[in-house]
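Colleague: I have a structure I would like to understand better, so I am pasting it below and will then ask my questions one at a time.
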Amino acid sequence: MSTYDSAKAQFADWGIDTEAAINRLKDIPISMHCWQGDDVVGFEKKTGTSGGGIQATGNYPGRARTPDELRADLDFAYGMIPGSHRLNLHAMYLDTDETPDRDEIEYKHFAPWVDWAKAQGIGLDFNPTFFAHEKADDNLTLSHPDKGVRDFWIEHGQRSRDIAARMGNELGSACVNNIWVPDGYKDVPIDRMAARQRLQASLDAMLSPKQDKGLMLDAVESKLFGIGVEACTVGSHEFYMGYAIRKGTLLCLDMGHFHPTENIADKLSACALSLDEILLHVSRPMRWDSDHVILLNDDIQAMANELVTADLLGRTRIGLDFFDATISRTAAWVIGTRNMQKALLRALLLPLDQLRKAEEALDFTTRFMLTEEFKDLPFGAVWAEFCARNDAPTGTTLINDLEAYQSSVSAR
Ligand SMILES: C[C@H](O)[C@H](O)[C@@H](O)C(=O)CO
Ligand SMILES: [Mn+2]
């Protein structure tokens, strides 16, 4: 009997169908973020750091410096990740010899990405870039008191939505256009209300041109605080939760954008009762929004469990948001994305019926015994089978492949 067949039989003893879990997992796309590949630098013809309170630290060799290098790294990474996934692109990652300012970007500046995505058979998601620009140096963009600055960013946001819609059209798969602005105050502001009113009015203007939801979906991302905006973030959770519900956009829950002890998984079912769809930025905050690569830890597992137990996989877009420049960037992508998939697989292998029955009967002892005893089941064998069926390596082969690729790009 193969290792997998033995594992399959053990799960079957609990009434779990490993084949069903494997088949379901294959069809869950993860939107991998382009910015892990180059430390959130982008390809605009200028220098400068990401700003906006986000920061990649480290100087590991091999950072992608051009769109071609980034695509080569992505090609490799997708080959190591079982299943078919998406790429989450930021507007600062344009691929063109032209030098459009943010309020001048057009679809043509991103067309090479779409050609590549078509060839790879992957979908694209998109983000306007409201940071790393002189007009964001005040840490205020859409909520800036200066109408000229606000209008500049509204134009950028509208153009991003057009680009996202065209991407969705070209690829036959709706492109999520996620809006995150760094706006906030280092010290206690006098007029939070005015700032929030300005942000709301700018968002309204930005989102007013009608777009086909079959082609692009608007999402808004809240945040607790960032470096340099410790006292007040204009686009807080409450702000965007209300906005998303009123406007029918997706709400983006970034796991690093809440108080460190908050349980983000708990928010899913609560938000989902008032929203059609949710976007996740799966991340790992350490003391702050540090964007560490995700581990297969309790937080990630709790998130995956909620997606499955609350039946939210069909209306949650799973995106990743981490960037670590102290380790191989391709290894970060591959291991991080696979960790999300491993968590989903474990969630899909839960004895849900038994757990639900116990909970409904207030039999918390059975619920407790089941969850804990279940942790000993051979998940690794099911994961290895999933990888094998999807031509993705595991174990020492995976490690060797990751090391060999890293060696091939270290001289950059
Ligand atoms: C680069 C991303 O847009 C960014 O990480 C954003 O999603 C965020 O989480 C900012 O803290
Ligand atoms: Mn995020």
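Count begins at 1; order follows the chain as displayed.
Placed from the backbone N, Cα and C atoms, the Cβ positions cover glycine too.
The Mn(2+) binding site annotation in TrEMBL covers His257, Asp289, Asp291.
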Colleague: Same chain only, sequence gap of 6 or more: which residues have a CB within under 8 Å of the CB of Asp289 (Mn(2+) binding site)?
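Modeller: Non-local contacts for Asp289 (Mn(2+) binding site): Gly53, Ile54, Lys223, Leu224, Phe225, Gly226, Asp254, Gly256, His257, Ser283.
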Colleague: Identify all same-chain residues not among His257, Asp289, Asp291 whose C-beta atom falls within 8 angstroms of the centroid of the Mn(2+) site's C-beta atoms; report them in sequence order.
Modeller: Ile54, Lys223, Gly226, Asp254, Met255, Gly256, His281, Ser283, Pro285, Trp288, Ser290, Asp321
Colleague: So how many other Cβ atoms are close to His257 (Mn(2+) binding site), meaning within 10 Å of its Cβ?
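Modeller: Cβ-Cβ neighbours of His257 (Mn(2+) binding site) within 10 Å number 26.
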Colleague: What's the number of neighbouring CB atoms sitting within 10 A of the CB on Asp291 (Mn(2+) binding site)?
Modeller: 27
Colleague: Reduce the DSSP letter at His257 (Mn(2+) binding site) to three states and note it down.
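Modeller: Note: His257 (Mn(2+) binding site) is coil by DSSP, not helix or strand.
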